[in-house]
Amino acid sequence: MTSCGILPDVDHTYVPLFATFMILAIIAVAIRFANRFYTTGQYGWDDWFLALALVGCVGYSAIGFEGAAHGLGAELWSIKPDDITHLFAEFYASMLVYAASRLFLRHSIILFYLRIFTVGNPRPVIIGTMVVNTLLSVGVAASVAFQCMPISLFWNRWDMKELNGHCLPSTPVFWSGAIASMVMDVWVILLPLPYIARLQLSLKKRMGISFMLAIGLSVITFSVLKFLAVNGVEKSPNPTKVFATIGIWSALEIDLGVICACLPGIRLMVGYTLRQLGWKGQRSGTQSRHMTYQNNLSTTRKRSTPGSTYQGSRTSQAKIRITTTIQQKASPSESQTYLPLGSSIELGNQPHGAVRAHAWA
């Protein structure tokens, strides 16, 4: 309650949203790194850029939590002047953290494409996309960072205390940055589709790709909603409430983007875990089949007649050597990148009438 006895309208719904999706993003990245540790034991540049994007997600949420203590989401008239200045400074910092997080996230996805498409025509296009993403993201961040000179004028101009300086109109700066970011997002999401369409993928994998595409498009939807919210900052009598709305869409955008980038690793980690849980049962079933084969073979020998071609010691001394070599090679129809090459299985000498084998891969 304020000094005049009127309760202000305060909206802090963004706090649990920030916390929930930040935690989900952390879990998704942890699963992705665990998958790399248990499968290849190596981490790529796409993983490290995704980790940087996650740092941006955590930083963005932390700014939102700090803003709640200074009146973010409350009506402007109910906030102390010093807190208003603090909120504008936090909004300035959040835009830069957001821009950096988006840069790292796109870089992670683009580097993931490079790891999948190791040869062929896609690589020059993908590398060019990375260059454009770098230049575009740096340009957008610079336009936000230096729209006011001196920079402190951004958070001090609201009460007209600091008039020695100049600021670019906020709406064109935000519009240009938001539109450029959305166009880049659409391009990055659609970039691999023509090449994936040429692969002979199973229905299950096509459905997985469609699911990832749907999440990617939802991220762009949040970008559009944020764009509409930004348009109302200068016109609203309560910009501190609009800042909260912008924060919600921006947090959902970067958090879901990180989660979407982790989906392939999550799928592989789930498959790895299921295989580990089902390994003993599979081995037990194999041993049971071996014992059944041995019993059937022993019964057949006991029923052999004296005139049979296979008699006595000649039969017991007969040996069968079976060598089976299986070469596994990644083909264009396979989207997984962890296939071992040159694996082999060899069976040892087999005395007739007994089952004895050793194998390695």
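Don't overthink the numbers, they just go from 1 along the chain as shown.
Just so you know, glycine gets a Cβ as well, placed from its N, Cα and C.
Since the structure is predicted, the reported quantities are computational estimates derived from the model, not experimental observations.
According to TrEMBL, the protein carries these features:
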TRANSMEM  15-35  transmembrane segment
DOMAIN    31-269  domain 'Rhodopsin'
TRANSMEM  47-65  transmembrane segment
TRANSMEM  85-105  transmembrane segment
TRANSMEM  125-153  transmembrane segment
TRANSMEM  173-197  transmembrane segment
TRANSMEM  209-230  transmembrane segment
TRANSMEM  242-266  transmembrane segment
REGION    295-314  region 'Disordered'
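Counting Cβ pairs under 8 Å that are 6 or more residues apart, the transmembrane segment (85-105) and the transmembrane segment (209-230) reach fewer than 3 and are not in contact. Beyond its flanks by at least six residues, the transmembrane segment (15-35) meets 43, 47, 50-51, 54, 57-58, 60-61, 64-65, 68, 247-248, 251-252, 255-256, 258-259, 262-263, 265-266, 268-269, 272 of its own chain at Cβ-Cβ distances under 8 Å. Beyond the ends of the transmembrane segment (242-266), by six or more residues, the same chain brings 11, 13-14, 17-18, 21-22, 24-25, 28-29, 31-33, 35-36, 50, 53-54, 56-57, 60-61, 64, 67, 72-73, 87, 91, 94, 98, 101-102, 105, 108-109, 112, 208, 211-212, 215-216, 218-219, 222-223, 225-226, 229-230, 232-233, 236 to within a C-beta distance below 8 angstroms of the stretch.
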